[in-house]
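The disulfide bond feature in Swiss-Prot is assigned to 63-110, 99-158. If you look up Swiss-Prot, you'll see 30-169 marked as domain 'Ephrin RBD'. Summarising the annotation, Swiss-Prot assigns N-linked glycosylation site to 38, 67, 100. The GPI-anchor amidated glycine annotation in Swiss-Prot covers 214. The annotation signal peptide is assigned in Swiss-Prot to 1-22 on the grounds of sequence analysis.
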């Protein structure tokens, strides 16, 4: 019975609005980018690997995963054997170059390599504003850095990745950025001229378009039309 009010509400919502409701408060659906975080991913083992995303995109990090035999798709045992387990950090640029986790904070922990059915996945949404107090906010035109440290085998190499959030609006150096105002929004320096400022000129005042379905009588002519109709009814009745 609890689903009945929700179903009734959905039936009352116009069909063109349903895609907008599905997009959520951000107003746009983002793409998803997948990265398999393990030592067999050669991209993560070299400096400079960059994933480019847009605002509202998602980055899905898949942790190392093994089946009961110790071998999993896309993630073989690391150097020295054993299941790979990592702690992922978001760090500064220098922390990325030196693979120093102390210059950042812990983001996720891949500590379940034998999870049933599928690997553990963490998702990062590159949103401009976060609705959560602990949520991270990202800015267009900036780079963000992720590294990992092994929790068991210290001989595993540093894995790292750089994420670039596209794209920042270009502006000349030294100039203050001009905010983009919504349509029909006036800035603080806009002067509004009243009719007295035109001194005899005939300002172009926008007119309302007539209804396509037909025209309606003017309000001031309505009493006259009612009087004529009443007179005709009285005359015909007599």
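Just so it is clear, glycine is given a Cβ too, placed from its N, Cα and C backbone atoms.
Known features from Swiss-Prot, placed on the structure.
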residue	record	DSSP (3 states)
38	N-linked glycosylation site	coil
63	disulfide bond	coil
99	disulfide bond	coil
110	disulfide bond	strand
158	disulfide bond	coil
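Cα-Cα distances to residue 38 (N-linked glycosylation site) place 63 within 10 Å, out of the recorded positions 63, 67, 99, 100. Closest to residue 158 (disulfide bond) in space, going by CA atoms and restricting to the recorded positions 63, 67, 100, 110, is 100. Long-range Cβ proximity for residue 100 (N-linked glycosylation site), meaning a same-chain Cβ under 8 A and a gap of 6 or more residues, is found for 91, 94. Rounded to a whole value, the Cα-Cα separation of residue 110 (disulfide bond) and residue 67 (N-linked glycosylation site) is 15 Å.
The two recorded residues, residue 99 (disulfide bond) and residue 63 (disulfide bond), have Cα atoms 19 Å apart. Counting only residues at least six positions away in the same chain, the Cβ atoms of 37, 38, 86, 108, 110, 112, 113, 119, 120, 121, 122 sit under 8 Å from the Cβ of residue 63 (disulfide bond). Ranking the disulfide-bonded residues 99, 110, 158 by C-beta neighbours within 10 Å puts 110 at the top. Highest local Cβ density among the glycosylation sites 38, 67 belongs to 38, counted as other Cβ atoms within 10 Å over all protein chains shown. Within the model, the domain 'Ephrin RBD' (30-169) shows a mean pLDDT value of 84, rounded to a whole number.
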